[in-house]
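Here the structure comes first, spelled out in structure tokens, and everything after it is commentary.
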């Protein structure tokens, strides 16, 4: 598979425009026209990971943390980053990074964390963008109404709130005259055809538009399909960083901390606040979330689960009456390998492997 095609499939689900403006996401190193057969998924790419990719004859490394972050003035082998870039290019290995767009997107890192914990919520903690919606209208002969309508629904069209497969159908008459060189499903060459058709209207999110159109065209019997696409002023779902969940049964801060330790196989965890306080509403921000503590407090959460909490962050949280569970930056994001490997295995027929390198820089002794 060409790298450009693979990236297109990834970005239908995790579009780059969701990322913060300061972020560096997308194809960092590589050639869009390169052939991809084997993919390595990892939290970030350091020297050990690059060497692992070379040894395992990988064509593409997919990372969460951007491989290049910040300004680079030179690429030469005297510099570690330049040395790695040189190795990657020499061995024909590309690197694709998906950072804050993956944090923000639905079914990304924050949602997967919630799923592991058993928290049923996709409510956004801090909105950063709003889903753009389109109306798709297609004209279908009566013989293929169900086929086309089902194709639209299966490909993700027609989602409104907690409802799927939403369409409106109206009957009418379509006319057309097949010209020389055509191969009509209905009608006779050179004669105007009148045929009973149904106009099917549905709603589609921008990042799924191409997939829906492709599915519709595949199911439609006509050689030339008449369809319309309209951008809507209606606002779709809010995208944003972090997630909020309300527990069915309150837990103490200590009980919640122990549950996290059990789910993530951790022996120790850092906690700020009263361990006996009751938690009914919680916020999650995977990775580094110190700057989201106030946002979580304002949302009504009694605790924020995140990483990279410093001493003064903790003191400020105590002063505002906010609890924190610091699971650790690495611990909250290493699950990227699982999420991304599962996603890729579901959309492409390639060899997908997860890195064996332990990237946690800290040891508890």
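Placement of Cβ uses the backbone N, Cα and C atoms for every residue, glycine included.
Copied over from TrEMBL, here are the features:
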BINDING   64  divalent metal cation 2 binding site
BINDING   65, 103, 329, 333  divalent metal cation 1 binding site
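Structural mapping of features recorded in TrEMBL.
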{"residue": "64", "record": "divalent metal cation 2 binding site", "DSSP class": "coil"}
{"residue": "103", "record": "divalent metal cation 1 binding site", "DSSP class": "helix"}
{"residue": "329", "record": "divalent metal cation 1 binding site", "DSSP class": "helix"}
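Most Cβ neighbours within 10 Å, among the binding-site residues 64, 65, 329: 64 holds that distinction in the structure as shown. When the binding-site residues 103, 333 are compared by the number of other C-beta atoms lying within 10 angstroms of their own C-beta, 333 comes out lowest.
The Cβ centroid of 65, 103, 329, 333 marks the divalent metal cation 1 site; residues of that chain outside this set whose Cβ lies within 8 Å of it are 43, 64, 99, 109, 286, 287, 288, 307, 332, 336, given in sequence order. Considering only the binding-site residues 103, 329, 333, the residues lying within 10 A of residue 64 (divalent metal cation 2 binding site) on a C-alpha to C-alpha basis are 103, 333.
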